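Undergrad: Handing you a structure now.
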Amino acid sequence: MSLFSKLKSRLMKSSSKIDEGLEAIVEDGGAESGIEEAFVEETSGTPKAEPAPVPEPEPEVVPEPHPDPEIVPQPLPEDQPVDVPQELPVAPEPDVRPAPVEMPAEQPTEVPFEIPTEIPVEDVIEAPAETVKPGFLGRLLGRKEQKTVTRRVLDDDMLEQLEELLITADMGVETSMRVTAAMAEGRYGKKLSVEEIKRLMAREVARIMEPVAKPMPLYRKTPQVVLVVGVNGSGKTTTIGKLASQFKAAGKSVVIAAGDTFRAAAVEQLQVWGERAGVPVLTAPEGSDPASLAFDAMTKAQESGADLLMIDTAGRLQNRQDLMEELAKIVRVIRKKDETAPHNTLLVLDATTGQNALSQVETFQKLADVSGLVMTKLDGTARGGVLVSLADKFGLPIHAIGVGEQIDDLAPFDPEEFAAALMGLEV
Ligand SMILES: Nc1nc2c(ncn2[C@@H]2O[C@H](COP(=O)(O)OP(=O)(O)OP(=O)(O)O)[C@@H](O)[C@H]2O)c(=O)[nH]1
């Protein structure tokens, strides 16, 4: 199964929510208009004298690494409605997709991910209602005489409904307004189908997410200290286990420090992950000072020549001042060993908390100088839109996303795949 299919099937709840909502919105006031794309392909054959109108190129909305190829007018078959979106050529695929970590150029890394599939970027213009007769082969195979698609005129009412739909998918008010406004630009008063709206929205979402999709950087300095923070149960321990396994597979020597010294169960859980990843876990007696464990772990990591030291911390709610101060102490103490540490402070966020993730980022940013985000539990939640909201509001790098509880269920963040999966697009 490709990563996209995996992501899509796991983001099912978010995408089906948007899917169903869009169907209802377009049905509400829409009318049958034009034909389905699949049917167009089957019936194409007789070239039309006049080329289709060329959709206006919009370079400003195209995410940078995937520029729109030039669109060439194609002769259309006789009976085809002229404005049905045409497939655009897709830029060549990279051989490998980036891992959630960024390796220095001279250290090539085996990347355990499959090749991504891009969202075909299409423009959309109004299609007139028209009846299409199937070709000879279509008739012979008993294909349907006509398959129509419902389109609705994009007006204020529809825009408002679209905005509300995105808000229910946890995109937040401002981001939802931004996405709908951008998709409406130049299209107000035109008729759009569900598929066309999905593609336009996916393009806007990908454009917002593009600048924040960055693998976690790896530095020459060793041990590179990665401090992992977040509220209780957000998925810190699981993420450390998954990341450690990927670093190890990339040839790095990794040490984990079990900084949640308050809960014996948390330490045991980390030890299990350490075993799975084949990475040593340094622990301290229950109730001991986590800052002191961090200091000892730094010493051991330095002595053993480890490349990375990943420090787990106790889950803390933003309103627990004592725990927040303890986190600041951990940072102060490890800086005694290396004043540039921690080199990465990863904030792990649970997608199921929805908009609450925004206030978590604000609080942790003040306290711990967050350098990047990992969003967990994107599988099985209808709140995947929160990631768009986070990207729009904070612009913090999103290094990886958690899409399950298994060791390899941590994927690099790919904005186009994510946008397509969120919108329930077939690519
Ligand atoms: N479905 C799913 N579950 C996840 C994911 N990441 C973590 N979990 C689950 O979330 C629960 C909490 O994960 P932990 O890694 O223990 O979270 P934590 O932040 O270390 O928790 P505390 O130690 O209480 O602060 C566990 O049951 C994990 O299996 C994910 O990406 N998808």
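Cβ from N, Cα, C; glycine included.
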Undergrad: Name the residue range among 1-20, 141-160, 221-240 that TrEMBL annotates as region 'Disordered'.
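TA: Going through 1-20, 141-160, 221-240 one by one, TrEMBL flags 1-20 as region 'Disordered'.
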Undergrad: For T313 (GTP binding site), list the number of other Cβ atoms lying within 10 Å of its Cβ atom.
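TA: Neighbour count, Cβ to Cβ under the 10 Å cut-off: 25.
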Undergrad: Quick one: of the binding-site residues G233, K236, T313, R316, flag those whose CB is under 6 Å from ligand 1, and say none if nothing qualifies.
TA: G233, K236
Undergrad: Using all protein chains shown, find which of the binding-site residues G230, G233 scores highest when you count other CB atoms within 10 A of its CB.
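TA: Neighbour-count leader: G230.
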Undergrad: Between the binding-site residues K236, R316, where is the Cβ count within 10 Å the lowest?
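TA: R316, out of the binding-site residues K236, R316, has the fewest neighbouring Cβ atoms within 10 Å.
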